[in-house]
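A short worksheet on the structure shown next.
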Ligand SMILES: [Ca+2]
């Protein structure tokens, strides 16, 4: 897919909120549409997003305008990246990130959901510890450190988020170093979530095997409200993952 920048733009900007009109002089057609933008917001990368190299936020809006499926986008000047989103009904998931701005067509209803990561440095535990690979290493924000259980039947790791959150996605970063077969130990994985240790449901089952350093994404579907997140291998093996990120609806009132 190839995009080009628009030659004519008009802008009316304020400090934090910005409204601008993109005018596309494409052959004899002139199309204009008003966009709203918001600071410090990035759309999550999903199967509905496409990242495009782009030199300006105006060009990014123009790219969105040229795609009838796109109603929201986000732009990073530092990365010269425009992320366009084609989610159904504009229901994109976003996160707060300083260097990005969010762009939305005024003509569309906004149903974006802002998410925040809620597992970082939360209390974690696991079925056993091998070689100093403590449970906290999977929530220390560093993909170079990993938790490590002993080899056992159905090893597990779990984190207590401290309260119930509406969980929208869970990301797992496999450990980076080791042999190919080491990375592939992450297989037949169940991701279980629940409001207590006794009330749990399976969010997802990952067949795998994973590769070293692989970044995995999971959605829990209709099961969302939970305080505990547990990873459990169904077979007999070591469990060692570098990082687990849990993204939940950002409810700033609590
Ligand atoms: Ca880590």
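Keep in mind that glycine also has a Cβ here, set from the backbone N, Cα and C atoms.
Residues or ranges marked as signal peptide in TrEMBL: 1-25. Feature annotation from TrEMBL assigns domain 'Fucolectin tachylectin-4 pentraxin-1' to 115-250.
A mean pLDDT of 95 is what the model gives for the domain 'Fucolectin tachylectin-4 pentraxin-1' (115-250). Secondary structure of the domain 'Fucolectin tachylectin-4 pentraxin-1' (115-250) per DSSP, as helix, strand and coil residue counts: 9 helix, 67 strand, 60 coil.
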